[in-house]
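Notes follow once the structure below has been shown.
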Amino acid sequence: MMMIWCFQTVLLFIAHLVLSDWAPAAPPTQNSFFYVHFIGMKLYVDSAEQSVLSVRGGNATLQCRFWYEPVPSSPREVRVKWSWLPAAGGQETDVIVAFGTRFRSFGDFRGRVQLRQDFPGDAALVLNKLWLNDTGRYRCTVVDGLEDQSAVVHLELQGVVFPYQHPHGRYHLSFLGAQQACKEQDSTVATITQLFQCWKEGMNWCNAGWLADGTVQYPITQSREPCGGARLAPGVRRYDRLHLYPNHYDVFCFSSLLQGRVYYLQSSHKMNLTEAQHACQEDGAEIAKVGQLYSAWKFTGLDRCDAGWLADGSVRYPITRPRSNCGPSEPGVRSFGFPPPQHKHGVYCYKLDTERV
């Protein structure tokens, strides 16, 4: 009996194969993975740009388009998903998911993103009012049934990296403390890409600082003994990966274009820190933060040979045109550190441009 049952099973299987070769194909249905491959159709996804550069508060369009070869006889409904991997690392998270004209955005991107959809196959992502932390890798994935293809675009912001120390001096910041310090100065912890770009532009700093991925590095353009050795080639030096919590260093912060204006407050007299804070408030502004001063120096060419208080209690001044009696021969933001708050200085204020917000 067992042999007869096996023989019948084999006969039925062979009959199924023969009939399937001669039977007419099932009519195609929307979003049918089997239909796509049965007729030899292939889904393609591509981006015209590998990377996009913008500024804080600006907009960015990340290109993505999809098409089929051969071209289908009728439009196909697909699902488009954009996801984001932060430049600092971590988990990839959803930005927006769209099916036809319906879409949903997620997290901090809610209300700031949309698909362009200017032509068939257009899946470009439009980001509005960019934040400092929006940098990273964006993935455009197009799903047709069980088939999906994707393309990747990197978003970077134009900006400035600056080293920052705790008021108590060198190497007093834990990784969490470094994140908070940058945030308080209207900036974010810099990425290795941002630090490397500033090194190529001439940044030379011998104190090690935290970066967004939890590594500790520092940029050297002029090799010397206290900074890794005179025989070591210039570059971005890196410490071995460390535990994030027990170690303390400085930090490299990153800032971009401002949504307002930094200016030196004209006054008939110098002020202590408290008086400086009140003076900015009376002028309809607030005392400027370190990241705002660096941004004004970088983007608007702020040049002032007058030391002034900043919000963190430091005293600094920006120089774009080096000259005698104004510090070193290179452009930069000069620092007098953190003098006693009763000392008398000028002040730098920041006034928000409400029309740009």
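Positions of Cβ are set from backbone N, Cα and C atoms, glycine also.
According to TrEMBL:
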- CYS206-CYS227: disulfide bond (DISULFID)
- CYS280-CYS349: disulfide bond (DISULFID)
- CYS305-CYS326: disulfide bond (DISULFID)
- 24-153: domain 'Ig-like' (DOMAIN)
- 160-255: domain 'Link' (DOMAIN)
- 260-351: domain 'Link' (DOMAIN)
- 1-20: signal peptide (SIGNAL)
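Features as recorded by TrEMBL, highlighted on the structure.
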residue : record         : CB count, 10 Å
CYS206  : disulfide bond : 14
CYS227  : disulfide bond : 19
CYS280  : disulfide bond : 22
CYS305  : disulfide bond : 16
CYS326  : disulfide bond : 15
CYS349  : disulfide bond : 26
Item checked: Integer Cα-Cα distance in angstrom, CYS349 (disulfide bond) to CYS227 (disulfide bond) -> 35
Item checked: Alpha-carbon distance [CYS206 (disulfide bond); CYS326 (disulfide bond)] in Å -> 22
Check: What is the interatomic distance between the Cα atoms of CYS227 (disulfide bond) and CYS305 (disulfide bond), given in whole Å?
Finding: 30
Next item on the list: Provide, as an integer number of angstrom, the distance between the C-alpha atoms of CYS280 (disulfide bond) and CYS305 (disulfide bond).
Entry: 19
Margin query: For the domain 'Ig-like' (24-153), what's the mean pLDDT in this predicted model?
Written below: 88
